[in-house]
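> Please read through the structure below; I'll follow up with questions.
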Amino acid sequence: MLSCPSLRSRPAQALKNRLLLSPISSIRARSSPIVATPLLQGKGIATATPSTILPRQSTLALRSSSSVAPRLSALTRQFSSSSSAADANNMAPTEVKQYDYIVIGGGSGGSGSGRRAAGWYGAKTLIVESGRSGGTCVNVGCVPKKMTWNFASINETLHVAKHYGYDVSENVDKNYRHFKEIRDSTIKRLNGIYERNWGREGIDLVHGRAGFVEPKTIEVTLEDGSKARYSAPHILIAVGGRPSIPDIKGAEHGITSDGFFEIEELPPKIAVVGAGYIAVELAGVMGAVGCETHMFIRGETFLRKFDPMIQKTMTERYEDSGIHIHKKHPGLKEVQLIRDGKGKDKLLKLISNDGSEMEVNELLWAVGRLPEVEDLNLDVPGVKLNKSGHIEVDEYQNTSVNGVYALGDVTGHAELTPVAIAAGRQLGNRLFGPDEVRDSKLSYDNIPTVVFSHPEVGTVGLTEPEARERYGDDQIKIYHTRFTAMYYDVMPAEEKKKNPTEFKLVCAGPEEKVVGLHILGLGVGEMLQGFGVAVKMGATKKDFDSCVAIHPTSAEELVTLR
């Protein structure tokens, strides 16, 4: 959610030097912390036709004709069932190409794990990607979301500018189509960076959809309809997820978060269904750029997995900003397409379960995400799914099948880009690294999270209710402050009240260990990273107090709370 890697990561030089000087026979591949299997020798490139494995030098050239615009279909497409494809499908692959490591999914987690295995430890690695390289984060997630958040934030800055004495028109023209073109070109550049990094690491790339045909063998349906098979003792599933759409009449007339990034013209009026961080982020963007925005939520507040302070204040903040929040909404039963088109030309009628109706120019479904597992044939190796349909894994990313692993959104654990990257790298260490990293795993405790709402929200650790449940009421002490950032001091009092900054520390035990930190306000997204380190290290309130404040900043409040 927060970022995507664009540069090659490197290990500590001493470790890498030792690995480079070590004989390949000393490097072992591990399918679990206990069971070890030998690493296949060699690092050569498999021989194949250009339609099967793209030569590293020509990867970008072969893909340059694809559309710049993020396409939902590019991430979820099924390949052609035309007669020519059918003929190709009838021809069973005659060769099974061998690798040390196969990664299904070229997103953040799969890339992180594949690059660690190949670039650090010399494992012969294959990445299979069905869409555009970089996965959700690069194409329809973190990157375009943050760029669009920046676009909207500039509009908010223009509103504040007049109070600083700038002669700014109330209705500055916004060329959203031009912005989208710039955003799309940035994404295309990142697609290329991913593929070039894989090439430098000696990773082979195949474009197509993969499914298991044997416990350690996959079959890939290539873009021309033909098939190819690949086998490895270690196979990682990192295919991510996709937005879900409710099963109601006309739901297809709305868009998901993927389709949001295809919008070329801003809709004058938009409805957002959902109360999670995706709904809050995208509704905030639409409201900040001046669209009439409606949110349909089932409860009284949104961001219900966050601390109650965040829920209450952010819901109030959105209402103060002019976003219409329909609380305890009964849900929609039908969506009617009145007029097709883009922007103001599109018109939908929303019919709720209570009979109420509303006409909007766009409808955004933000009601959750589903794991992308349908075409993987997981029953072949026997990989188990949990009740929500996600792949079950243990703390080492092992599935129920020895030698098959999963991480990222497909597991349903902390669906954030940096989490997937970190888990992937640790898995690469454990499978192919030296003895000192054979037990590597990612700790899912105290993961800092930022919601790019308006204003931003940052959180790390336990919420107040979670802390009270874990430690007991008598062991918890709360430090809280609410104020207006100096940035807004030039604004009239009634507008200042609509732009709060609010911080909370949740401390536990007699030493007042900081077990939760929750902040909202201007700039907290950049503020949280350092405090996340402090919480991860087990800092106490005394440690916070011992840090000299930086004045004048909002962050200083966190080290001066009383």
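Glycine is treated like the rest: Cβ placed from N, Cα and C.
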> According to TrEMBL, Gly274, Ala275, Gly276, Tyr277, Ile278, Ala279, Val280, Glu281 bind NAD(+); which one of Gly192, Gly368, Gly382 is annotated to that same site?
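When TrEMBL describes the NAD(+) site, the candidate it includes is Gly368.
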> Sequence gap of 6 or more, C-beta under 8 Å: which same-chain residues meet both conditions with respect to Gly274 (NAD(+) binding site)?
Met295, Phe296, Ile297, Leu364, Trp365, Ala366, Val367, Gly368
> Measuring Cα to Cα, how far is Val280 (NAD(+) binding site) from Cys137 (disulfide bond) in Å?
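Answer for this pair: 17 Å between alpha carbons.
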> Listed NAD(+)-binding residues Gly274, Ala275, Gly276, Tyr277, Ile278, Ala279, Val280, Glu281, Gly368 - what's their greatest C-alpha to C-alpha distance in Å?
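Answer in Å: the longest Cα-Cα distance is 14.
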> What are the DSSP helix/strand/coil residue counts across the domain 'Pyridine nucleotide-disulphide oxidoreductase dimerisation' (447-561)?
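For the domain 'Pyridine nucleotide-disulphide oxidoreductase dimerisation' (447-561), the helix, strand and coil counts are 42 helix, 37 strand, 36 coil.
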> Quick one: give me the count of other CB atoms within 10 A of the CB of Cys142 (disulfide bond).
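Excluding its own Cβ, the number within 10 Å is 22.
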> Give the number of CB atoms, excluding that of Val280 (NAD(+) binding site) itself, located within 10 Å of its CB.
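There are 27 such Cβ atoms around Val280 (NAD(+) binding site).
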> Who sits close to Ile278 (NAD(+) binding site): which same-chain residues at least 6 apart have their Cβ under 8 Å from its Cβ?
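In sequence order, Ser257, Ala366 meet the Cβ cut-off.
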